Structure formats: C-alpha cells, structure tokens
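Peer 1: This is the structure I want to talk about, given as structure tokens.
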Amino acid sequence: MLSPTSAAERGPSGPPTATVSRGSVVDSVSAAASLRASRSANVDFGTSAIVNKVFVKLGDKVSKNQKLATVDDRQAKAQLDAAKAQLESAKAAVAAAKEAKQPTTGPNAQVKQAELQVETAQDAVRSTTIYAPFAGTVTAMNGAVGQRSGGGGTSAGNTGGGSGAGSGGQGGSGGGGRGGPSGIPDVPSVPNQSSSGSGFLTVTDLNGYQIAATFSEIDIVKVKVGQNAQVAVNALGGKKFPAKVVQVDLMPASSSGVVQYGVLLELDETSPELKPGQSANVVVTTAKADSVLQVPSGAVQTVDGKSTVTVMESGQPKPTPVQLGVRSDHIIEITSGLREGDVVLLGDSGGPGRFPEGGFPGKSAPVRVGR
C-alpha cells in the first residue's frame, strides 16, 4: 500500500515522491449507530378489562402463539350473547316479512347490521387473551393481575414506515385481524423495533440484531442497499461484526439544523455478548477496486473537473492528465494516464490532492515510497 514519505526522506530541494503501484482502493463512509433487536412487539389486549391471569414473567422465553395472559371475559361474552340474540331476532323479522308477503329490504338490512355486531363481539372475546406473535423473550411487563388492561392491541413498529400488525381481536395501533378457528391470532413476524414502554408486555427476538445509523447528507448519497459494512461495538472493545445495508431512509431527519438520513443494517452473525441499545460505529464500504493502479491522494491536483499528476521523467517534472476511479481518504485509483512504476510528485501542503499555492511543484530528486 502506498504511503507518503516522511519529512526526513524528502531530500533538501523539494517535495517527496511516490511510485505508482497496484493494490486495492476502498472508499467508505462511517457513522455512529446503536444496536436493536430485529423484531419486537408490544402486546396488549384488544379490549379493556381486568387482568385475571398472567402466564409468563420478565425474561421468559416464549414460542410463537404461546398464551401470555388473559383478562376477565364475562362482559365480552355477555355482549356476544346479546349480539347473537339480536341476530336471531333480525332473522325472525325477515321470515315474518316473507310469510306476510311484506317487503324484506328493511329486515335484511337489520340482519346484516346484526351480523357485523356479532363479528365485533367475537373479536372482543378473542382479544381477551393475548399470545406471542413470534418466538422471543419477554423484555418488558407493564401490567399485573388485578389491573385494568389498556385495550390497545398488539403493535409492531417499523423503522422505515412505522407499520404494524394487529394481534387478534379488534387489533391494535398497528392494525387489526381476526383469529383463526382456534382463536389464536396469526400475527405476521414483521421486522421492527417498537418502544418497550407501551402494551401489556413486550416480546423481543434476541436472536437477530439490526443496526440503526444516521449519515450526513453528503455521505448518504454513497450508501446503497446491499453494501457490506463493519460494525464495531463500543461495549465489546470495538469488536467488529460483518453487516449489510438493508434500508436507506428516503426522507431526512433534521436536528439542530443538521440534515441526516437513517440507515438500517442487519448483522450477518450475532453473539450472546450483544445487547439492544449498545452503541457502535458503522463503516460502510461504498466502493472497492482490486489490483488497480493507485497513487496517494496528495499526488493528484484537480482543477475545474480535470485531474493532473506530475510525473518525474529523466529527473524532470511533467504534468500528466489522468482519469480517477475509486477514492479513499488517502489513496486514489488511476484508471488512465499512468503506468505501474511511474514516479509522481506529492503535494507539499494544502491537504490531500492539492499542491502549494495550487500550482505544480518544481524539480526535485525523486524518493520512492514503498507499498
């Protein structure tokens, strides 16, 4: 790999040089991030009633559709019985109208309305029991036997869109759905992360983790779904885990006038050491070129979109137009204009890619820089 010469290697009369060689050039962007479980759902009853049984405790591992808790269902069942009686009465009214050869439009409408009321009451009975929407761990409990349930239903938020899924009965803030024949709601396993402060309890899948990061408006243009990344977890001494970008937010989030964009990554592998909420640093590889010609960024000067490198030929500096490829912080790929083994002058000051005063350096004795 190329590296600039030290001040001691420069020689008395001019700036240092480097030799064009082949190697890998990697461009990347980094951002602060935090870990989160790949799935988490706030589970609540679809009706408000007194909790009478809780079958799990904080930290318990649960399987999908496992019964978690129930509320007093006497009122819900009474309402269902009343709705069924109303339906039978409406059906009888239709039969009576037919027998009397009277119009049945009104009685039929009453039947349809009564059928809807029965469905609603059946949903309410089903929602007096909550089940685990997926296999996971009980990570929060916000209620106990004897307390009145909130009746919010099960919700599962999504970082990108905030979508959710209902857990039987009336549904929750994330939507609603009717349970199957067994009365056990079929709740989709939606990748999500919702706050653990709402719902009767929270079920979290701790077998998979996502990384939530925010990138600046300058860096976000380089980030694409599918790119590889490295996640260094601070609490584990910077231990790195491979990951992939799975989502890039379309809309920005501004904070104190700084525009940033959210990016979601998934770890390729997990570890028992990982915990939700741990802070991390993410480095996303946005471009990579292997076995290509490369020079230090200080060898390249770009003016009005045209890049030039000063090549030493027979001890004389020769400005040479070049085409650039992948760029890292310190190394730039050269796609045309140079040959392997060429000796190029490095800028003496002014930062990467710039020579003093914006011009080309004068004649100097070449000093080769090893890889």
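Glycine is treated like the rest: Cβ placed from N, Cα and C.
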Peer 1: For the feature coiled coil as recorded in TrEMBL, pick the matching range from 73-100, 213-240.
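Peer 2: When 73-100, 213-240 are checked in TrEMBL, coiled coil belongs to 73-100.
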Peer 1: With a Cβ cut-off under 8 Å, give me the same-chain residues at least six positions beyond the ends of the coiled coil (73-100) that come close to it.
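Peer 2: Those are 47, 49, 107-108, 110-111, 113-115, 117-118, 120-122, 124-125, 127-129, in sequence order.
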Peer 1: Per DSSP, what is the residue count of the domain 'CzcB-like C-terminal circularly permuted SH3-like' (294-344) in each of helix, strand and coil?
Peer 2: 3 helix, 35 strand, 13 coil
